[in-house]
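Input: a single structure, listed below in structure tokens.
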Amino acid sequence: MRHDALFERVSARLKAQVGPDVFASWFGRLKLHSVSKSVVRLSVPTTFLKSWINNRYLDLITTLVQQEDSEILKVEILVRTATRGHRPTAPEESVAAAAEAAVVPPSRRSAAPTVAIAAAAVAAAPARPVQAPLFGSPLDQRYGFDSFVEGSSNRVALAAARTIAEAGAGAVRFNPLFIHSSVGLGKTHLLQAIALAALQSARAPRVVYLTAEYFMWRFATAIRDNDALSLKESLRNIDLLIIDDMQFLQGKSIQHEFCHLLNMLLDSAKQVVVAADRAPWELESLDSRVRSRLQGGVAIEMEGPDYEMRLEMLKRRLEAARQDDASLEIPLEILSHVARNVTASGRELEGAFNQLLFRRSFEPQLSIERVDELLGHLVNAGEPRRVRIEDIQRVVAKHYNVSRQELVSNRRTRVIVKPRQIAMYLSKTLTPRSFPEIGRRFGGRDHTTVLHAVRKIEELISADTKLSHEIELLKRLINE
């Protein structure tokens, strides 16, 4: 108990030292392993995180521990062994040392947050000419790391992306790296930034960036033209494969070819980066072998931008627009109002800014009231937010201190079963999804299991006031 208290005090001081965002992103899974004589041993889930903490924060942690207990002479970081199988998402702990922006102490950071959405401003000119990818979908030069706005919702994904783009031969990799989020939150921007930065590097790697739809078209064309072997050979020799919109990969034969390509690249230690609008285990249309291989890497979810991120995106967009019209002015009050009310995605924020830009050309004095009229179709006020099952799972998992993967796993312990049943109940009451579809989103369960969970929670709510209040709280959190 004394050692637990020591760890709690050190954790609190570490959080105060590095800031809550950095602490949550990188130290959230740090645990006390043991204390023996003069040595404190802390554990983390992955080798990546162990190496990163040892290189950057071990001295600070040791100092904090010794300030709490002068008898401690040494702090060691261990990698704890998993006690149960689960899908390897591990977003917080799966990013290596290149995540410089995420680990800079708050006092050395820019006052403005730097969050990531495709609507951001113009990227800085590259230090060297960017070569073209071998083939594939076109790259947009605006979508570099410099124009990607970073914040708490995408910091881990950005750090992983930078690590891959900057990694040299033999570097530690997250393979495959799987980035998932709803539409308009910056996945495509981030993937293109990886490709652009990698192509710009002195290593001159062989890079292929393409969408799943382009992959299907290219393979179908190659098969039709009896050129499939040539296409496979060209893909075999690449160093970095980046696939966007994986949820659109359809067709048994195409998926079979992609599975072979994926296996070949991963077995050859070539880097693969994939993005989709849902987690790999939720891509029900994919061949099970493809899903399994994608789940074998690191999956990182990007969430929606907060107010500070949205405001920064609008400021950058205004700065970019001023390059064409130096006299352009949109008051900060207007930008703040838009950032506060247009909350769905970066694409909608871009649409809102374009509306302002257009209207300002013949209505130079826009008021808040006029902005509300113009952007009424983009503002969520007064309209119920469309809730996704993924949102429900995330909020419920966080509330009950379990992982989202545990909710969809086969574990039947009490600490998992009750949150799982509550999440199923909320999925039925807050979304239009059917019992079978909800069951599939919860690890492929039968519709009768979902029906039982819904009825069970309904019974408990009627008899348990505390649970009823909990459910109402969860509904509010989900709809925020």
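Cβ atoms are placed via backbone N, Cα and C, with glycine included.
Since the structure is predicted, the reported quantities are computational estimates derived from the model, not experimental observations.
Annotated ATP binding site per Swiss-Prot: G184, G186, K187, T188, in sequence order, evidence recorded as sequence analysis. The Cβ neighbour count for K187 (ATP binding site), using a 10 Å radius over every protein chain in view, is 24.
Residues annotated as region 'Domain I, interacts with DnaA modulators' in Swiss-Prot: 1-71.
What Swiss-Prot lists as region 'Domain II' is 71-137.
Feature annotation from Swiss-Prot assigns region 'Domain III, AAA+ region' to 138-360.
Summarising the annotation, Swiss-Prot assigns region 'Domain IV, binds dsDNA' to 361-480 and lists sequence analysis as the type of evidence.
Assigned with DSSP, the residues of the region 'Domain I, interacts with DnaA modulators' (1-71) fall into helix, strand and coil as follows: 45 helix, 12 strand, 14 coil. Neighbour counts of Cβ atoms within 10 Å were compared for the binding-site residues G184, G186, and the top value is held by G186. Following the DSSP three-state reduction, the secondary structure of G184 (ATP binding site) is coil.
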